[in-house]
Amino acid sequence: MMKIKTILKTTWRMTTSNWRPLDADTATLERFKFRQYHAIARLVPFRMAADCANAFLICIIAQAALPIPLLAGWYVCILAVAGMSVSVWWRWFRNGTPDNAGGAPFSRPILLSAAMACLYAVAIIMVFDHVHPDGQVVLLTLLGGLIAAGALGRAMVPPCAFVWMAPLTAAAAYALCQTTVGSSSFILILLAIYVLIVLISVLSMSKMFLARLTAEASAEHQEQVVSLLLRDFETHASNWLWESDKQGRMTRVSTRMSQIFGQSPSAMLNVELGRLLSGEESEKTDTVGEIRAFENRLSLPQPFHNHIVPFKGGNEWRWLSLTAKPILDERGNHGGWRGVGADITEKRRYEMELETLAKQDPLTGLPNRRHFLKILADQTAAGTTNALFLIDLDNFKTINDTLGHSIGDKLLQMVARRFQACTTSGGLLARLDGDEFAFLEKDIDSIESVIEQATAFLDSLSDPLHVSDTRTEIRASIGIALAPEHGRTTNLLLRNADAALYAAKETGGGAARVFDSSLGNRQQERFEIVSDLGFALKQGQFTLNYQPQVDCLSGRITAFEALLRWRHPEKGLIPPDHFIPIAEETGQIISIGAWALEQACRDAAQWPDDLTVAVNLSAVQLNSRGIIQTVRQALDASGLPPHRLELEVTESALVSDAASAQATLQALRDMRIEIALDDFGTGYSMLSYLRNFPFDKLKIDRSFVMTLTDTQGDESRAIFRAIIDLASALDLRTVAEGIDSEEKLSAVRNYGCDDVQGYLVARPMEAVEVFKFLKGWQAW
């Protein structure tokens, strides 16, 4: 008995464990309820017909046991319940069976099921004891069928099944207790098992029905969401959906797509997509290949992504990006295409503009450095005979800094046009950077044609340029390297052309030079200097020499100028004019100059307090961002007072960015550092510099001193006297360089110069010799 209870309990738990109330909103639950009742209502006519037939059978069996009027009344009740059930069914189906019938009388099917079951139960209980045993068997059989058939027919609504089974199960239990066949307890257990099986079946069917309803609701919800997203996508997105058969004929055209193509959706249906793309110009040579390639792609059942095709839209060609997957039927056969498209015309134009900008110099419209080097690399790799011209404008930097960058830009544009007018057909002219141009002459016949082209470039600048009422003369220097004679690689060809360019500039500019082996040797020497400079500072190869400056009247030593020297371990002493210009070009002068500045301050800190040290600042140093910090660190590290440091700058250092240079010098002057203008008279000699810049001293170039005592030096004497008078008027101290004789010393002293520097006083000396010199110096 305990095992039976355990089996029944386990079966019940397993059956009902997943039968839970649905986690859904109220509207969904109401729709589910209606679907449940709708499922049982469809069988109402057949069920009621069966109930009437079963009731008539009971009347026949019970006619001898009960009064006919009682049976007739009972049967009328059966007909009444059946009629009401059919009436409810008729109203539901006549109203079209809406999906959501929140107002439907859900309680009626339960009440009608309970009423019909109770009528059956009452009749059987009243009749069972009074009929023949054969009739009892019929009644028990009928009860078993009614319990199972009625419950399963109402399984979609478990409450209906429960109220149906309860009265009939009670009637069956009563009837079984009245029978004399077998043990009543055993028969009741069998009835309980039978009823439990029916109950489990009802719950299982209800559970499966609800699961199906849930799946349908979820699918419907997803379909609505997808439909909503698709409608929103087609309404607001720039992309659009399309479908076609496997031949590419349109089967679905979205509103957005029809707008893109400028046709109605109906007009586009059954039209091949390739035809829509080409419009009326299906044989246009520059697009027919791309469209045909797309049509061929449609013939293969393979998905594609972002296939770009041209499209004739109105009076202009546009670009579309198409993505699609093949539509396959149940057998996997290709039935068409479904995809998405986008108008990428603006993106395509932007990319083309970027491509143009990547290849073109925005100022002159010529090819830029990147594009030129690519073409040069292609030509060099092909091994063709070419000539590379590097063209540099000699005096453009001065003009640009003097007249302004806007005038400079216009001049570059005019120069570019003049160069273009004289280039040979098939050649490539480009602007590399700043005032540097390049020209690649392809498939040259002879060196004479190269010289002729170079002469044409130089002659094109022979006439002055007029910009904004300003007459300007510009010259150019040209370096030429021939391929493959002077180089089989791009880098070698450029390096040799650059060497020829430097050689042309050294002649004074306005000339062209073809590369030769001697220039290669000089270029190699320059490369070695650049390479060695990188190690010279780390290996302590630089030293400082000092040359004294003396007061003209008293003969007192006032300062020492620090002069940089490079003692190469293999090449010996390298002159400053050999490596300093290269260090300035490569930027190495920044670190070298910082070392020289700090070392000069350290040495000067050991001298008497009335001596200053003069250190040269190159244009690169002056225009570097960290110069103020570099000077401050040198003073802090050495302990030298700022007023004992003098920084010398040349006029050329002030030209590139006068405003920035003025601000930097003023900041240094505010630190109580003295500022000297070196080599005055050899550069631009602009009086505005003397008025606007915070100078304390002018150093007059040795070229004026050398001719002061000559019999034909009247011009030099006049200039020297003018410089002294100008400095005096501006309260600037003057220093004359290159004093190597008593005669020159007497001359500059007579003109009123303050200090002198030169071999007459002393040659440059090492730092350890300074104290010895000071000790032995006697003022005149």
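In case you wondered, yes, glycine gets a Cβ from its N, Cα and C as well.
Pulled from TrEMBL, these are the features on record:
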{"type": "DOMAIN", "residues": "302-356", "note": "domain 'PAC'"}
{"type": "DOMAIN", "residues": "384-517", "note": "domain 'GGDEF'"}
{"type": "DOMAIN", "residues": "526-778", "note": "domain 'EAL'"}
{"type": "TRANSMEM", "residues": "44-66", "note": "transmembrane segment"}
{"type": "TRANSMEM", "residues": "72-90", "note": "transmembrane segment"}
{"type": "TRANSMEM", "residues": "110-131", "note": "transmembrane segment"}
{"type": "TRANSMEM", "residues": "137-155", "note": "transmembrane segment"}
{"type": "TRANSMEM", "residues": "187-205", "note": "transmembrane segment"}
- Long-range CB partners for the transmembrane segment (44-66) (under 8 A, at least six residues beyond its ends), listed in sequence order, are 74-75, 78-79, 81-82, 85-86, 88-89, 116, 119-120, 123-124, 126-127, 130-131, 135, 138-139, 142, 146, 149-150, 153
- Query: Which stretch, 72-90, 110-131, 187-205, tops the Cβ pairs under 8 Å count with the transmembrane segment (137-155)?
  - Reply: 187-205
- With DSSP helix as H/G/I and strand as E/B, how many residues of the domain 'GGDEF' (384-517) fall in helix, strand and coil? 57 helix, 38 strand, 39 coil
- Message: Within the domain 'EAL' (526-778), what mean pLDDT does the predicted structure show?
- Response: 90
